[in-house]
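Participant: Below are the features listed in Swiss-Prot for this protein:
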ACT_SITE  Pro2  active site, schiff-base intermediate with DNA
ACT_SITE  Glu3  active site, proton donor
ACT_SITE  Lys58  active site, proton donor
BINDING   His104, Arg123, Arg166  DNA binding site
ZN_FING   251-287  zinc finger
ACT_SITE  Arg277  active site, proton donor
Amino acid sequence: MPELPEVETVRRGLEPVLSGARLARVRANRPDLRFPLPDGFVQRLTGAKILRLDRRAKYLLVPLDRGDTLVMHLGMTGRFEIAAPSGTIRPGDFAREVTPDDKHAHVVFETEDGAVVTYYDPRRFGFMDLIATDKVDRHPWFAAMGPEPLGEGFDAKTLVAAFNGRKQGPKTLLLDQKTVAGLGNIYVCEALHRAHISPFKPAGMIAGKRLGPLTTAIKDVLAEAVEVGGSSLKDFAATDGALGYFQHRFRVYDREGQPCPTPGCKGMIGREVQAGRSTFFCPVCQV
């Protein structure tokens with residue numbers, strides 16, 4: 001599933017084409033994705049002007065001039081492709097012929113200046129909804145969500161409060177969207193390794209002085225992943241069709257049995273399953 005860096009990569013790819021654009025035509029090739037599309041989906045979007053493109057955790061938020069916000073989640077295999085007007089070159093575009101009868105091309109957005117943005121989703125785990133803009137923050141998807149890890153609202157104090165007295169491991173708590181928004185399995189494994197913290201140690205037993213470095217590791221890992229376009233595992237690609245490259249920088253994720261890259265550490269990367277997800281770690285330098 002695309003995590004925060006992948007969704008941010010998609011947002012940045014769509015922004016030059018959609019921000020400030022007016023939707024001349026919207027086509028929904030089926031009535032549902034993971035959930036049914038909202039009533040009047042096509043009619044409510046057609047003719048609307050896109051004010052900007054935002055991201056909250058792993059959601060794309062598209063406020064419109066009509067008072068609605070288009071909320072989109074990529075699920076497991078959702079992706080966008082962009083075809084710009086002939087002769088127009090824009091950052092993030094993937095110039096290709098759009099195939100209207102592609103069975104996985106579920107929603108097509110056409111702007112007044114001729115750009116075509118197509119949403120593909122073979123497994124249909126993604127979804128789209130329209131929510132009144134002034135109610136987005138109170139919507140059940142967002143109301144209890146923690147701070148953005150790349151924002152100023154996330155710091156060591158956030159983790160001190162979240163970890164205090166807790167018996168669960170830090171990975172479990174970091175994956176809880178109420179603690180911090182948008183973190184997923186890959187980047188939590190990587191951040192814990194950089195901070196040399198065991199994913200299995202009860203969070204309440206981790207000294208407070210270690211949470212500053214963990215906060216920094218989380219921010220650094222995410223920022224580096226965004227910079228190189230995320231991690232291309234299985235189905236993810238950016239809007240220009242390019243693959244992300246952060247997977248080439250993994251220190252522990254998907255590296256079971258390989259030497260730990262920490263200088264001076266002689267450990268081997270291990271893997272254990274926690275709550276149905278693989279946890280990659282070094283048993284020597286993560287304590």
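Using the three backbone atoms N, Cα and C, a Cβ is placed for every residue, glycine included.
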Participant: Note down the number of other Cβ atoms within 10 Å of the Cβ of Glu3 (active site, proton donor), including every protein chain shown.
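Facilitator: Within a 10 Å radius of the Cβ of Glu3 (active site, proton donor) lie 22 other Cβ atoms.
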Participant: Going along the chain, which residues six or more apart from Arg166 (DNA binding site) have their CB under 8 A from its CB?
Facilitator: Leu173, Pro202, Ala203, Gly204
Participant: Within 10 Å of the Cβ of Arg277 (active site, proton donor), how many other Cβ atoms can be counted across all chains shown?
Facilitator: 14
Participant: Could you say which of the recorded positions Lys58, His104, Arg123 has its Cβ with the most other Cβ atoms inside 10 Å?
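Facilitator: Output for this query is Lys58.
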Participant: I'd like to know which of the recorded positions His104, Arg123, Arg277 sit within 10 A of Lys58 (active site, proton donor) at the Cα level.
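Facilitator: Cα filter at 10 Å returns nothing.
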Participant: Would you mind reading off the Cα separation of Arg123 (DNA binding site) from Glu3 (active site, proton donor), to the nearest angstrom?
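Facilitator: Cα-Cα distance, Arg123 (DNA binding site) to Glu3 (active site, proton donor): 17 Å.
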Participant: Helix, strand or coil: which one is Arg277 (active site, proton donor) in, per DSSP?
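Facilitator: Once the DSSP labels are grouped into three classes, Arg277 (active site, proton donor) ends up as strand.
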Participant: Which of the active-site residues Pro2, Glu3, Arg277 has its Cα nearest to the Cα of His104 (DNA binding site)?
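Facilitator: Given the candidates Pro2, Glu3, Arg277, the nearest one is Pro2.
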Participant: Whole-number answer please: how many Å between the C-alpha atoms of Glu3 (active site, proton donor) and Arg277 (active site, proton donor)?
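Facilitator: The Cα atom of Glu3 (active site, proton donor) is 14 Å away from the Cα atom of Arg277 (active site, proton donor).
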Participant: Between Arg277 (active site, proton donor) and the residue listed as 'active site, schiff-base intermediate with DNA', what C-alpha distance do you get in Å?
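Facilitator: Their Cα atoms are separated by 15 Å.
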